[in-house]
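Per Swiss-Prot, these features apply:
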{"type": "BINDING", "residues": "11, 12, 13, 14, 15, 16, 17, 18", "note": "ATP binding site"}
């Protein structure tokens with residue numbers, strides 16, 4: 001790649017994005033692709049501290065706008081400190097969540113103004129958007145059941161939210177898919193992990209213009 005390529009992974013809770021990413025890394029490395037993987041919120045020291053505040057299960061009184069602004073603050077620091085330098089160095093950057101999460105969770109899920117969220121995303125990223133977004137779709141009940149069955153996963157504040165919020169979040173993602181289908185590719189995350197990885201690999205390499 002002559003320049004960097006930015007990929008974001010999106011989806012409702014329990015979609016398995018992290019597991020897919022872990023399985024993809026050896027494939028990418030075997031192809032000689034220089035890749036940086038990172039996550040939101042977090043990715044850098046300041047971002048990880050903000051992540052702790054956002055996801056702390058005891059912070060049940062957090063206001064929706066406070067939550068949004070914390071995500072935006074983490075996003076800005078993460079981009080400046082880690083993501084942009086990697087893109088400038090010509091690397092493939094894969095982000096576990098990015099701008100679409102704010103629209104889905106705080107816009108559709110929390111009911112905040114989507115235009116305001118779009119403006120904040122634009123402000124924080126200077127207009128940067130992913131070259132490709134992989135949306136891992138799964139029924140809300142199945143995703144939450146996966147989380148409940150995973151004893152190794154630490155429960156966070158969003159896991160404790162009611163079913164209604166998670167359904168709104170999924171609808172938000174599906175709305176984004178309709179609106180930005182040229183950038184966002186839907187992947188059926190209910191399939192066995194091996195099949196999801198195979199599909200993701202094909203979509204990713206096609207998007208990057210590389211042979212599988």
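Cβ atoms here come from the backbone N, Cα and C positions, even for glycine.
In three-state terms derived from DSSP, residue 18 (ATP binding site) belongs to a helical segment.
The ATP site is defined by 11, 12, 13, 14, 15, 16, 17, 18, and by the 8 Å test on Cβ atoms against their centroid, the other residues of the chain that qualify are 136, 138, 143, 146, 189.
Secondary structure at residue 13 (ATP binding site), taken from DSSP and collapsed to helix, strand or coil, is coil. Of all the binding-site residues listed here (11, 12, 14, 16), it is 16 whose C-beta has the fewest other C-beta atoms within 10 angstroms. With a cut-off of 8 Å between CB atoms and residues at least 6 apart in sequence, the same chain places 136, 137, 138, 143, 189 near residue 15 (ATP binding site), listed in sequence order. Taking a C-beta cut-off of under 8 Å and a sequence gap of six or more, residue 13 (ATP binding site) has these contacts in its own chain: 140, 143, 144, 147, 158, 159, 166, 169.
Shown in sequence order, 9, 10, 11, 96, 97, 136, 189 are the residues of the chain, 6+ apart in sequence, with a C-beta less than 8 angstroms from the C-beta of residue 17 (ATP binding site).
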